[in-house]
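Below is one structure, written out as structure tokens; comments come after it.
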Amino acid sequence: MNRIFKLALCAGVATLVSTAAMAAGMTVGFSQIGSESGWRAAETSVTKQEAEKRGITLKFADAQQKQENQIKAIRGFIAQGVDAILVAPVVATGWEEVLGEAKEAEIPVVLLDRGVEAPQDLYLTSVASDQVKEGRVAGEWLVKTVGDKPCKVVELQGTVGSTPAINRKKGFEEAISGHSNITIARSQTGDFTRAKGKEVMEGFLKAENGGKDICAMYAHNDDMAVGGIQAIKDAGLKPGKDILVVSIDAVPDIFAAMAAGEANATVELTPNMAGPAFDALEAFKKDGKQPEKFIITESKLYTPADNPQGEYEARKGLGY
Amino acid sequence: MRAQSLSHLFSHQVIALAGVLLINWMVFPGFFDVTWKDGRLFGSLIDVINRGAPVAILAIGMTPIIATRGVDLSVGAVMAVAGAVAATFTVAGHPLVVTLAAALAVAIACGLWNGLLIAFLGIQPFVATLVLMVAGRGLAQLITEGSIVTFSDPALIFIGTGSLLGLPMPAVIALLLMLGAHLFVRRTAMGLFIEAIGTNRSAATYTGLRSRSLILAIYAFGGFCAGVAGIIAAADIRGADANNAGLWLELDAILAVVIGGTSLLGGRFSIPLSVLGAIIIQAMNTGILVSGFPPEFNLIVKAGVIMIILILQSARLGEIVAAIRTKNPLGRKTP
């Protein structure tokens, strides 16, 4: 409750501040999907921070997981005559009409985090991560770390059939192909959750000689890795040493595990999609520079050498 | 009469469990290996009772509810709420007793809310508990502010990951709860009351049963069980995950009760058999994990096994088998 109040206050103050700096800054409408995960909450708070940093007035609309709310919000932004619109689309289809309206009003639209199935001229650019690359970066780290030694990997997959699970699996397999010493011994779904990650890892540990045969655990997200780490500890092994732990997302809790020496690497899915979006918008407004159609965010690798305690502190307040 | 029919049913569930365990052993020969590690038992079989405990506890609470011809769809969400309350209380520095009391009190309040809607306002259980199933998760998210609240209080974590006499705590709690609930309904007239309401509520009321208060109490007990399961689930991962804690577990709990032989139309019930049902479900889950099947097959394998179990339990199948045994049921000539 308190936080909501603070946010409201912040928004209020931000509006006041930026009304003063109206001449310098743009007014941007942001239609967010909702708050289905910690990552999304972090994306919202980082977007607000980035806007404030640049003196941009951000009009924020939470769609509560409904496309109709997003379309309503976008029409609202058009009516208010904003300078640009950011959309994190909840689904891929059904955007032609409302994006066409924005185009007619000459308001550039930037897609965040997810793509849409609509003609490319209806939006200025899209900012998203490359999930296959995330898997590849994780795999490349493992290849580099184990060298020529034989290594049996167990994989905690995301929800069966979900795009991130398919892509992160594909990228990892690409990276380890051609290195016959590294094999994926077992692969099961942990549904992207801690509890299931722990349960699945418990099963793997029993099935692989009490865990003695496992050299590394690759999890499609950090939450499952955190669950898996607990299972490894319960089995009397040392996560991070006896079994290497590599995962994706870079949420605060994996940095806490890293600081404790229990995780080895994570690949960041940055919540800062708005930064590159604002950069592209500012350049476009200033001298009409057309950005690339697909801006891919960096998939940065973090290891214990990257000050995990500091990263934990820095990310903790973002709402993950 | 009842003892006889129960022993008949009992054999069904035990055979089903033995069958599932046998298949597990065939796909993973080390399934029955249990070793002693760091002062506790360690092995797949222990995983089955440990992981099965939350659903077993939910099933203990769900059994009397279903026996009175009701259903509680909100138990998964109530788990999330109880976990969220426990986590936020312990993070705020409250002692264990206060934390547990608060989480259980909220869970019981959720159960009372369901009971009020059903017993006093006459809303159908399916609809009444659907409200809390949806709203409860939202409530949990509000409490945790949408993030996973992690904690490190060793006493609270012990409830989820500790062990007593080598057995995992969740299993010990489930066992105690099962014994307590079973003795309570069978050593008092409570079991009879529940069956009377489930068979014919108005008849039961006319004979002088205070069916409203009883139903209210039964749903409160369901809430209490969901609270216990929620605390265990949170303590297990050292954090309250409002989005995922207990997600869809209400369905597993209902299934466990049904496998345990309690009819969704109310009446006869058995709490220990419901717990056995939960163990059968978990034996299947654990078996899939150690088997090395690709995850795409998980749900198909589960559905297949459950179908076989339910078909074996079907009364009609029993009649058909009996008819075939008595020969010539349809007047056909046997060669």
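Glycine is treated like the rest: Cβ placed from N, Cα and C.
Note that TrEMBL annotation is computational and uncurated.
Note that the structure is predicted; figures quoted are calculated from it, not measured.
Among the residue ranges B:9-28, B:89-108, the one that TrEMBL annotates as transmembrane segment is B:9-28. Per-stretch counts of Cβ pairs under 8 Å to the transmembrane segment (B:9-28) identify B:273-293 as the leading one among B:48-66, B:247-266, B:273-293, B:299-324. Long-range neighbours of the transmembrane segment (B:273-293) within the same chain, counting only residues 6 or more positions beyond its ends whose Cβ lies under 8 Å from a Cβ of the stretch, are 6, 9-10, 13-14, 16-17, 20-21, 23-24, 27-28, 30-31, 44, 47-49, 51-52, 55-56, 58-60, 62-63, 174, 178, 252-253, 255-262, 301-302, 305-306, 309.
For the transmembrane segment (B:247-266), same-chain residues at least 6 beyond its ends with a Cβ under 8 Å from one of its own Cβ atoms are 9, 12-13, 16, 54-56, 58-59, 61-63, 66-77, 79-80, 133, 195, 197-199, 229, 273-278, 280-281, 306, 309-310, 313.
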